[in-house]
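Reading through the C-alpha cells given below for one structure.
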Amino acid sequence: MVQVTKIKESPEKLKVGVLALQGAFIEHIHILQRFPQVSLAIPIRTADQLSSVDALIIPGGESTTIALVAERSGLLEPLREFVESKPTWGTCAGMILLANEATQTKQGGQKLLGGLDITVTRNKFGTQAPLHINHVTTKSGNDDVFPAVFIRAPIISRINSLDVEVLARLEHTIGDTDASAIVAVRQGHLFATAFHPELTNDDRIHQYFVSLALESLRKRCRIIQQQI
Ligand code: GLN
C-alpha cells in the first residue's frame with residue numbers, strides 16, 4: 001500500500017501571524033501589510049488561527065504575562081510545536097520566550113517556549129518610558145546601522161550552540177551594558193531581537209524576517225519532496 005501525500009507548492013507568498021495575547025502586536029501587523037510577499041497578516045489568539053499561518057511573530061510585552069495567558073488559553077503546547085519547525089521571530093519579550101534559558105526571571109521561574117540555544121537576562125536595560133534609542137550594528141554584509149528602541153530589554157548573555165548566528169550588536173554602552181552586547185541572533189528558522197523594530201519607521205528588519213521565512217519554508221518543501 002503506497003501512501004500518497006499531496007506535495008505543497010513551494011510558497012511565493014506568506015501568511016504571517018502575530019501572537020496577540022498581550023503587548024505590541026498591532027504595530028507588527030501594520031508593517032507586514034506593506035510587503036507584497038505577505039498575503040495575510042493576522043493576530044493569533046487560538047490554536048486554529050496558529051495552524052493557519054506559515055510564520056509567526058511573538059511581540060514585545062511582558063513575557064511572564066504572555067506565557068501565563070498562553071497557558072490558560074491552551075496555546076502553550078501548540079506554540080511549542082509551531083516554533084520547532086516554522087519560521088518565528090521573537091521581539092524583546094518574544095525573544096525571552098524563544099530562549100532555552102532565562103535568568104532574572106520572576107520568583108518561581110517562568111514558562112518558556114524554547115528553541116534558541118541562548119541564555120537571556122531579563123530587564124537588562126532601557127526604561128519602561130521614555131524609549132531608549134541606541135544604534136545597533138547589523139551583520140548584513142556592509143555593517144548597516146539600525147536605529148533600535150529598547151524597553152526594559154533582555155540581553156543575550158550566553159550563546160550555547162555554534163548554530164546560533166550573531167546578527168546585531170549594540171553600538172554604544174547603555175548603563176552597565178557594554179557596546180557590542182549581542183542584541184539579535186538567528187538559529188535556522190528562529191530569529192530574535194532584543195529591540196523593537198516595529199516602533200521605528202525603518203522596515204529593514206521586517207524585510208529580513210519575511211525573506212528568512214520564505215527561504216526556510218522553501219527549504220522545508222524541498223526536504224518533504226525528497227522524502228516522498
Ligand atoms: N521586560 C519584559 C519581559 O521580561 C520585556 C520587555 C519588552 O518586551 N519590551 O518580558
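Placed from the backbone N, Cα and C atoms, the Cβ positions cover glycine too.
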Of Arg122, Arg186, Arg204, which one shares the L-glutamine site with Gly61, Glu62, Ser63, Ile151, Arg152 in TrEMBL? Arg122
Mind computing the max CA-CA distance among Gly61, Glu62, Ser63, Arg122, Ile151, Arg152, which the record assigns to L-glutamine binding, rounded to whole Å? 13
Running a distance check here. Ligand 1 versus the recorded positions Glu62, Ser63, Cys92, Ile151, Glu198: which have CB less than 6 Å from one of its atoms? Glu62, Ser63, Cys92, Ile151
In whole Å, note down how far the CA of His196 (active site, charge relay system) lies from the CA of Ile151 (L-glutamine binding site). 8
